[in-house]
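Taken from TrEMBL, the feature L-threonine binding site covers T37, H69, R123, A143, S183. Taken from TrEMBL, the feature ATP binding site applies to R60, N64, T119, S145, S153, R197, Y238. As annotated by TrEMBL, domain 'YrdC-like' applies to 15-201.
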Amino acid sequence: MQTKILRVNPRNPSISQIRQAAKKIRSGNVVAFPTETVYGLGANALDSKSVRKIFAAKGRPSDNPLIVHIFDIAEIGILADNIPNMAYDLMERFWPGPLTLVLKKSKIVPKIVTGGLDTVAIRMPKNKIAQAIIREASVPVAAPSANVAGRPSPTMAKHVREDLAGKISLIIDGGPTKIGIESTVVDLSKKTPMLLRPGSVTLEQLQEIVGAVKIHPIIFGKKTNTIHRSPGMKYRHYSPSAKIILVEGTKAKQKISQLLHQYKSQGMRVGILSMEKSHTKSDLTRFIGSNPDTIAANLFKSFREFDEKKIDIILAQGISQKGLGLGIMNRLGKAAYKKIRA
Ligand code: TXA
Ligand code: MG
(Lines of atoms letter the chains of each structure in order from A and count residues from 1; the text may use other names and numbers.)
(Lines give C-alpha, C1' and ligand atoms only; values in the text may rest on other atoms or scores of the structure.)
(Ligands and ions follow the chains in the order given, each with its own letter.)
Protein backbone atom coordinates (compact mmCIF):
# COMPACT_ATOMS: atom_id res chain seq x y z
CA MET A 1 0.00 0.00 0.00
CA GLN A 2 1.23 3.45 -0.96
CA THR A 3 1.25 5.85 2.01
CA LYS A 4 0.44 9.44 1.12
CA ILE A 5 1.59 12.24 3.42
CA LEU A 6 -0.45 15.41 3.31
CA ARG A 7 0.93 18.56 4.92
CA VAL A 8 -1.78 20.57 6.57
CA ASN A 9 -1.49 23.98 8.21
CA PRO A 10 -2.20 23.32 11.91
CA ARG A 11 -3.48 26.84 12.56
CA ASN A 12 -5.67 27.12 9.52
CA PRO A 13 -6.30 23.67 8.01
CA SER A 14 -7.56 23.72 4.44
CA ILE A 15 -11.03 22.30 4.22
CA SER A 16 -10.34 20.34 1.05
CA GLN A 17 -7.45 18.53 2.73
CA ILE A 18 -9.55 17.85 5.82
CA ARG A 19 -12.29 16.43 3.61
CA GLN A 20 -9.85 14.01 1.98
CA ALA A 21 -9.08 12.60 5.41
CA ALA A 22 -12.70 12.60 6.54
CA LYS A 23 -13.78 10.83 3.36
CA LYS A 24 -11.29 8.03 3.99
CA ILE A 25 -12.69 7.55 7.48
CA ARG A 26 -16.27 7.61 6.23
CA SER A 27 -15.46 5.01 3.60
CA GLY A 28 -14.07 2.59 6.16
CA ASN A 29 -10.34 3.31 6.10
CA VAL A 30 -7.81 4.46 8.68
CA VAL A 31 -6.03 7.83 8.70
CA ALA A 32 -3.21 9.08 10.92
CA PHE A 33 -3.62 12.66 12.16
CA PRO A 34 -2.21 14.92 14.86
CA THR A 35 -3.91 15.63 18.17
CA GLU A 36 -2.58 17.98 20.85
CA THR A 37 -1.02 14.99 22.67
CA VAL A 38 0.37 12.56 20.09
CA TYR A 39 -0.57 11.42 16.58
CA GLY A 40 -3.60 9.13 16.43
CA LEU A 41 -4.65 6.44 13.96
CA GLY A 42 -8.34 6.99 13.40
CA ALA A 43 -11.26 5.03 12.00
CA ASN A 44 -15.07 5.09 12.24
CA ALA A 45 -15.70 3.99 15.83
CA LEU A 46 -19.17 2.68 15.04
CA ASP A 47 -18.00 0.27 12.37
CA SER A 48 -16.24 -2.91 13.54
CA LYS A 49 -14.71 -3.59 10.15
CA SER A 50 -13.02 -0.18 10.05
CA VAL A 51 -11.81 -0.50 13.64
CA ARG A 52 -10.30 -3.90 12.90
CA LYS A 53 -7.97 -2.17 10.43
CA ILE A 54 -6.50 -0.11 13.28
CA PHE A 55 -5.61 -3.25 15.24
CA ALA A 56 -4.13 -4.83 12.13
CA ALA A 57 -1.97 -1.83 11.19
CA LYS A 58 -0.60 -1.40 14.71
CA GLY A 59 -0.26 -5.07 15.57
CA ARG A 60 -2.23 -4.20 18.68
CA PRO A 61 -3.56 -6.97 20.96
CA SER A 62 -7.34 -7.14 20.65
CA ASP A 63 -7.94 -6.85 24.42
CA ASN A 64 -6.41 -3.37 24.50
CA PRO A 65 -9.31 -0.93 24.01
CA LEU A 66 -9.30 2.28 21.97
CA ILE A 67 -10.24 5.86 22.80
CA VAL A 68 -13.24 7.27 20.95
CA HIS A 69 -12.72 10.88 19.83
CA ILE A 70 -15.66 13.23 19.47
CA PHE A 71 -16.20 16.74 18.14
CA ASP A 72 -19.51 17.61 19.78
CA ILE A 73 -20.26 17.07 23.45
CA ALA A 74 -23.75 15.82 22.53
CA GLU A 75 -22.18 12.63 21.17
CA ILE A 76 -21.36 11.55 24.71
CA GLY A 77 -25.02 10.69 25.29
CA ILE A 78 -24.99 8.37 22.29
CA LEU A 79 -21.81 6.55 23.27
CA ALA A 80 -22.19 6.28 27.06
CA ASP A 81 -24.87 5.34 29.61
CA ASN A 82 -25.33 6.35 33.28
CA ILE A 83 -23.04 9.37 32.96
CA PRO A 84 -22.28 10.75 36.45
CA ASN A 85 -22.40 14.48 37.16
CA MET A 86 -18.70 14.39 37.83
CA ALA A 87 -18.13 13.59 34.17
CA TYR A 88 -19.90 16.79 33.13
CA ASP A 89 -17.85 18.82 35.61
CA LEU A 90 -14.65 17.42 34.13
CA MET A 91 -15.80 17.95 30.54
CA GLU A 92 -16.69 21.53 31.28
CA ARG A 93 -13.28 22.22 32.78
CA PHE A 94 -10.98 20.22 30.50
CA TRP A 95 -12.68 19.64 27.14
CA PRO A 96 -11.61 20.06 24.49
CA GLY A 97 -8.29 18.83 25.83
CA PRO A 98 -6.04 15.97 26.90
CA LEU A 99 -8.46 14.20 29.25
CA THR A 100 -10.07 10.83 28.46
CA LEU A 101 -13.11 9.71 30.46
CA VAL A 102 -13.97 6.04 30.91
CA LEU A 103 -17.76 5.63 31.17
CA LYS A 104 -20.32 2.82 30.91
CA LYS A 105 -20.65 2.07 27.23
CA SER A 106 -23.90 2.26 25.32
CA LYS A 107 -25.08 -0.51 23.00
CA ILE A 108 -24.02 1.39 19.93
CA VAL A 109 -20.28 1.03 20.64
CA PRO A 110 -18.89 -2.12 19.06
CA LYS A 111 -17.11 -4.59 21.37
CA ILE A 112 -13.95 -4.43 19.31
CA VAL A 113 -13.51 -0.76 20.31
CA THR A 114 -13.66 -1.52 24.03
CA GLY A 115 -11.70 -4.76 23.96
CA GLY A 116 -14.78 -6.55 25.28
CA LEU A 117 -15.18 -4.26 28.32
CA ASP A 118 -18.53 -2.74 29.27
CA THR A 119 -16.93 0.71 29.44
CA VAL A 120 -15.83 3.11 26.73
CA ALA A 121 -13.04 5.71 26.80
CA ILE A 122 -14.01 9.07 25.27
CA ARG A 123 -12.13 12.27 24.63
CA MET A 124 -12.60 15.54 22.78
CA PRO A 125 -9.25 16.66 21.36
CA LYS A 126 -8.14 20.27 21.19
CA ASN A 127 -6.04 20.16 18.02
CA LYS A 128 -7.73 22.03 15.14
CA ILE A 129 -6.90 19.41 12.53
CA ALA A 130 -8.24 16.59 14.70
CA GLN A 131 -11.40 18.54 15.44
CA ALA A 132 -12.01 19.33 11.78
CA ILE A 133 -11.47 15.73 10.66
CA ILE A 134 -13.89 14.36 13.26
CA ARG A 135 -16.44 17.06 12.42
CA GLU A 136 -16.25 16.40 8.68
CA ALA A 137 -16.30 12.62 9.15
CA SER A 138 -19.52 13.10 11.16
CA VAL A 139 -18.86 9.90 13.08
CA PRO A 140 -17.04 9.32 16.37
CA VAL A 141 -13.44 8.39 15.60
CA ALA A 142 -11.67 5.55 17.42
CA ALA A 143 -7.98 6.36 17.56
CA PRO A 144 -5.07 4.87 19.48
CA SER A 145 -1.64 6.42 19.20
CA ALA A 146 -0.35 5.96 15.64
CA ASN A 147 2.68 3.81 16.47
CA VAL A 148 3.37 0.11 16.05
CA ALA A 149 2.36 -1.59 19.32
CA GLY A 150 5.16 -1.33 21.88
CA ARG A 151 6.96 1.57 20.18
CA PRO A 152 6.99 5.12 21.55
CA SER A 153 3.94 7.19 20.61
CA PRO A 154 4.53 9.44 17.58
CA THR A 155 4.84 13.16 18.13
CA MET A 156 5.72 13.95 14.49
CA ALA A 157 4.35 12.71 11.17
CA LYS A 158 7.74 11.19 10.36
CA HIS A 159 7.44 8.91 13.41
CA VAL A 160 4.13 7.64 12.04
CA ARG A 161 5.79 7.06 8.67
CA GLU A 162 8.66 5.13 10.31
CA ASP A 163 6.18 2.79 11.97
CA LEU A 164 3.26 2.54 9.56
CA ALA A 165 4.44 3.35 6.00
CA GLY A 166 2.97 0.76 3.64
CA LYS A 167 0.33 -0.22 6.19
CA ILE A 168 -1.96 2.83 5.97
CA SER A 169 -2.89 5.00 3.01
CA LEU A 170 -2.87 8.51 4.53
CA ILE A 171 -0.90 10.46 7.11
CA ILE A 172 -1.93 14.04 7.87
CA ASP A 173 1.21 15.98 8.77
CA GLY A 174 0.28 18.87 11.05
CA GLY A 175 3.72 19.40 12.55
CA PRO A 176 4.95 18.36 15.99
CA THR A 177 2.31 17.75 18.65
CA LYS A 178 2.17 20.26 21.47
CA ILE A 179 2.02 18.12 24.60
CA GLY A 180 4.00 15.04 23.61
CA ILE A 181 2.58 12.43 26.00
CA GLU A 182 -0.82 10.79 25.72
CA SER A 183 -3.98 12.06 27.41
CA THR A 184 -4.81 11.57 31.07
CA VAL A 185 -7.23 8.64 31.44
CA VAL A 186 -9.67 8.61 34.35
CA ASP A 187 -12.25 5.91 35.02
CA LEU A 188 -15.62 7.28 36.13
CA SER A 189 -17.53 4.01 35.83
CA LYS A 190 -17.21 3.26 39.57
CA LYS A 191 -18.14 5.38 42.57
CA THR A 192 -14.69 6.85 43.14
CA PRO A 193 -12.82 8.10 40.08
CA MET A 194 -9.62 6.25 39.33
CA LEU A 195 -6.64 7.63 37.47
CA LEU A 196 -5.60 4.99 34.95
CA ARG A 197 -2.97 6.95 33.03
CA PRO A 198 -1.40 10.23 34.16
CA GLY A 199 -0.99 12.99 31.59
CA SER A 200 -0.99 16.73 31.21
CA VAL A 201 -4.32 17.14 32.97
CA THR A 202 -2.74 16.45 36.34
CA LEU A 203 -3.94 14.45 39.32
CA GLU A 204 -3.94 17.67 41.33
CA GLN A 205 -6.23 19.34 38.74
CA LEU A 206 -8.62 16.37 38.77
CA GLN A 207 -8.78 16.43 42.56
CA GLU A 208 -9.72 20.10 42.45
CA ILE A 209 -12.84 19.27 40.46
CA VAL A 210 -13.94 15.86 41.77
CA GLY A 211 -12.29 15.51 45.20
CA ALA A 212 -10.85 12.08 45.96
CA VAL A 213 -9.21 10.23 43.08
CA LYS A 214 -7.78 6.71 43.40
CA ILE A 215 -4.57 5.99 41.58
CA HIS A 216 -4.19 2.70 39.81
CA PRO A 217 -1.17 0.96 41.42
CA ILE A 218 0.29 0.11 38.04
CA ILE A 219 1.02 3.80 37.49
CA PHE A 220 3.85 3.44 39.96
CA GLY A 221 4.96 0.25 38.28
CA LYS A 222 3.56 -1.93 41.07
CA LYS A 223 2.49 -5.46 40.24
CA THR A 224 -1.18 -5.92 40.91
CA ASN A 225 -3.51 -8.87 41.15
CA THR A 226 -6.64 -6.81 40.65
CA ILE A 227 -8.26 -7.01 37.26
CA HIS A 228 -6.66 -4.41 35.07
CA ARG A 229 -9.12 -1.61 34.67
CA SER A 230 -6.99 -0.25 31.89
CA PRO A 231 -5.80 -3.26 29.93
CA GLY A 232 -3.35 -1.22 27.89
CA MET A 233 -1.24 -0.59 30.92
CA LYS A 234 -0.08 -4.14 31.32
CA TYR A 235 1.85 -4.06 28.08
CA ARG A 236 5.44 -2.84 28.05
CA HIS A 237 5.24 0.40 26.24
CA TYR A 238 6.91 3.38 24.74
CA SER A 239 10.16 1.50 24.48
CA PRO A 240 13.04 2.39 22.26
CA SER A 241 15.24 -0.55 21.24
CA ALA A 242 17.98 0.80 23.50
CA LYS A 243 17.72 -0.23 27.13
CA ILE A 244 16.72 2.60 29.43
CA ILE A 245 18.16 2.60 32.93
CA LEU A 246 16.22 4.98 35.14
CA VAL A 247 18.15 6.21 38.18
CA GLU A 248 16.43 7.94 41.10
CA GLY A 249 17.54 9.13 44.51
CA THR A 250 19.91 11.65 46.02
CA LYS A 251 23.03 10.03 44.57
CA ALA A 252 21.56 9.57 41.09
CA LYS A 253 24.10 11.82 39.39
CA GLN A 254 27.13 9.98 40.75
CA LYS A 255 25.49 6.65 39.89
CA ILE A 256 24.90 7.77 36.33
CA SER A 257 28.53 8.76 35.78
CA GLN A 258 29.66 5.48 37.33
CA LEU A 259 27.34 3.49 35.02
CA LEU A 260 28.44 5.55 32.04
CA HIS A 261 32.07 4.55 32.58
CA GLN A 262 31.17 0.96 33.38
CA TYR A 263 29.10 0.40 30.22
CA LYS A 264 31.54 2.30 28.02
CA SER A 265 34.39 0.16 29.23
CA GLN A 266 32.32 -2.85 28.18
CA GLY A 267 32.28 -1.40 24.66
CA MET A 268 28.66 -0.28 24.66
CA ARG A 269 27.26 2.87 23.10
CA VAL A 270 25.80 4.81 25.97
CA GLY A 271 23.42 7.76 25.76
CA ILE A 272 22.28 10.16 28.43
CA LEU A 273 18.75 11.49 28.57
CA SER A 274 19.35 14.72 30.39
CA MET A 275 16.79 16.87 32.14
CA GLU A 276 19.18 19.47 33.42
CA LYS A 277 21.94 21.23 31.57
CA SER A 278 24.97 19.03 32.14
CA HIS A 279 28.24 18.51 30.37
CA THR A 280 28.54 14.79 30.83
CA LYS A 281 30.18 13.24 27.79
CA SER A 282 28.48 10.21 26.31
CA ASP A 283 28.00 8.85 22.81
CA LEU A 284 24.82 10.89 22.68
CA THR A 285 23.69 13.29 25.37
CA ARG A 286 20.25 14.59 24.60
CA PHE A 287 19.10 17.51 26.73
CA ILE A 288 15.30 17.44 26.54
CA GLY A 289 14.58 20.44 28.73
CA SER A 290 14.39 21.19 32.41
CA ASN A 291 10.71 22.04 32.81
CA PRO A 292 8.02 19.34 32.62
CA ASP A 293 6.25 20.83 29.58
CA THR A 294 9.40 20.76 27.48
CA ILE A 295 10.46 17.36 28.79
CA ALA A 296 7.07 15.86 27.86
CA ALA A 297 7.17 17.46 24.41
CA ASN A 298 10.62 15.97 23.65
CA LEU A 299 10.55 12.64 25.48
CA PHE A 300 9.27 10.20 22.84
CA LYS A 301 11.16 11.95 20.05
CA SER A 302 14.38 11.51 22.03
CA PHE A 303 13.72 7.76 22.41
CA ARG A 304 13.59 7.44 18.65
CA GLU A 305 16.74 9.55 18.21
CA PHE A 306 18.71 7.27 20.52
CA ASP A 307 17.66 4.34 18.35
CA GLU A 308 18.72 6.13 15.17
CA LYS A 309 22.17 6.65 16.71
CA LYS A 310 22.31 2.95 17.61
CA ILE A 311 22.68 3.60 21.30
CA ASP A 312 22.69 0.43 23.45
CA ILE A 313 22.04 1.93 26.88
CA ILE A 314 20.21 5.12 27.82
CA LEU A 315 20.88 6.52 31.29
CA ALA A 316 18.13 8.77 32.62
CA GLN A 317 17.72 10.56 35.91
CA GLY A 318 14.27 10.63 37.49
CA ILE A 319 12.38 13.87 38.16
CA SER A 320 9.72 14.91 40.68
CA GLN A 321 6.34 13.21 40.27
CA LYS A 322 4.39 16.39 40.96
CA GLY A 323 2.00 17.69 38.29
CA LEU A 324 2.98 16.62 34.79
CA GLY A 325 6.03 14.93 36.37
CA LEU A 326 3.79 11.95 37.28
CA GLY A 327 2.97 11.37 33.61
CA ILE A 328 6.59 11.76 32.53
CA MET A 329 7.89 9.37 35.20
CA ASN A 330 5.14 6.89 34.34
CA ARG A 331 6.25 6.83 30.68
CA LEU A 332 9.93 6.62 31.61
CA GLY A 333 9.20 3.88 34.13
CA LYS A 334 7.24 1.85 31.60
CA ALA A 335 9.94 2.22 28.99
CA ALA A 336 12.70 1.37 31.45
CA TYR A 337 14.58 -1.89 31.29
CA LYS A 338 15.75 -1.37 34.84
CA LYS A 339 15.14 1.08 37.68
CA ILE A 340 17.81 1.88 40.23
CA ARG A 341 17.71 3.82 43.52
CA ALA A 342 20.97 5.49 44.36
O1 TXA B 1 -3.66 11.23 23.88
C2 TXA B 1 -4.22 10.17 23.62
O3 TXA B 1 -5.01 9.61 24.41
C4 TXA B 1 -3.92 9.53 22.27
C5 TXA B 1 -4.48 10.42 21.17
C6 TXA B 1 -4.35 9.82 19.79
O7 TXA B 1 -5.81 10.74 21.47
N8 TXA B 1 -4.45 8.22 22.19
C9 TXA B 1 -3.93 7.18 22.89
O10 TXA B 1 -4.57 5.97 22.67
O11 TXA B 1 -2.98 7.29 23.63
P12 TXA B 1 -3.96 4.58 23.10
O13 TXA B 1 -4.85 3.57 22.48
O14 TXA B 1 -2.55 4.50 22.72
O15 TXA B 1 -4.17 4.51 24.64
C16 TXA B 1 -5.46 4.34 25.17
C17 TXA B 1 -5.40 3.97 26.62
C18 TXA B 1 -4.89 2.57 26.80
O19 TXA B 1 -4.06 2.52 27.95
C20 TXA B 1 -6.19 1.79 27.02
O21 TXA B 1 -6.01 0.63 27.77
C22 TXA B 1 -7.03 2.82 27.77
O23 TXA B 1 -6.71 4.04 27.16
N24 TXA B 1 -8.45 2.53 27.59
C25 TXA B 1 -9.18 2.62 26.48
N26 TXA B 1 -10.45 2.23 26.69
C27 TXA B 1 -10.53 1.89 27.98
C28 TXA B 1 -11.58 1.40 28.84
N29 TXA B 1 -12.79 1.17 28.37
N30 TXA B 1 -11.29 1.16 30.13
C31 TXA B 1 -10.05 1.40 30.60
N32 TXA B 1 -9.02 1.84 29.86
C33 TXA B 1 -9.26 2.08 28.58
MG1 MG C 1 -0.62 3.96 22.59
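Positions of Cβ are set from backbone N, Cα and C atoms, glycine also.
Checking the binding-site residues R60, T119, A143 against ligand 1, the ones whose Cβ sits under 6 Å from it are T119, A143. Cα spacing between A143 (L-threonine binding site) and R60 (ATP binding site): 12 Å, rounded to the nearest whole number. Long-range neighbours of T37 (L-threonine binding site) (same chain, six or more residues apart, CB within less than 8 Å of its CB): P98, P125, S153, T177, K178, I179, G180, I181, E182, S183, G199, S200. Proximity to ligand 2 (Cβ under 6 Å from any of its atoms) holds for these binding-site residues out of R60, A143, S145, R197: S145. Looking just at the domain 'YrdC-like' (15-201), the mean pLDDT is 97.
Residues T35, G40, I67, P98, T100, P125, A130, E182 surround the recorded L-threonine site, their Cβ atoms falling within 8 Å of the Cβ centroid of T37, H69, R123, A143, S183, which are themselves excluded. Taking the binding-site residues R60, R123 in turn, the residue surrounded by the fewest other Cβ atoms inside 10 Å of its Cβ turns out to be R60.
On the backbone, the CA of R197 (ATP binding site) and the CA of H69 (L-threonine binding site) stand 17 Å apart.
Non-local neighbourhood of H69 (L-threonine binding site): T35, G40, G42, A45, I122, R123, M124, P125, A130, I134, P140, V141, A142, A143, each in the same chain, at least six residues away, with C-beta under 8 Å from its C-beta.
In this view, the densest Cβ surroundings among the binding-site residues N64, T119, S145, S153, S183 belong to S145, judged by other Cβ atoms lying within 10 Å. Fewest other C-beta atoms within 10 Å: among the binding-site residues A143, R197, that description fits R197. According to DSSP, S145 (ATP binding site) sits within a strand segment.
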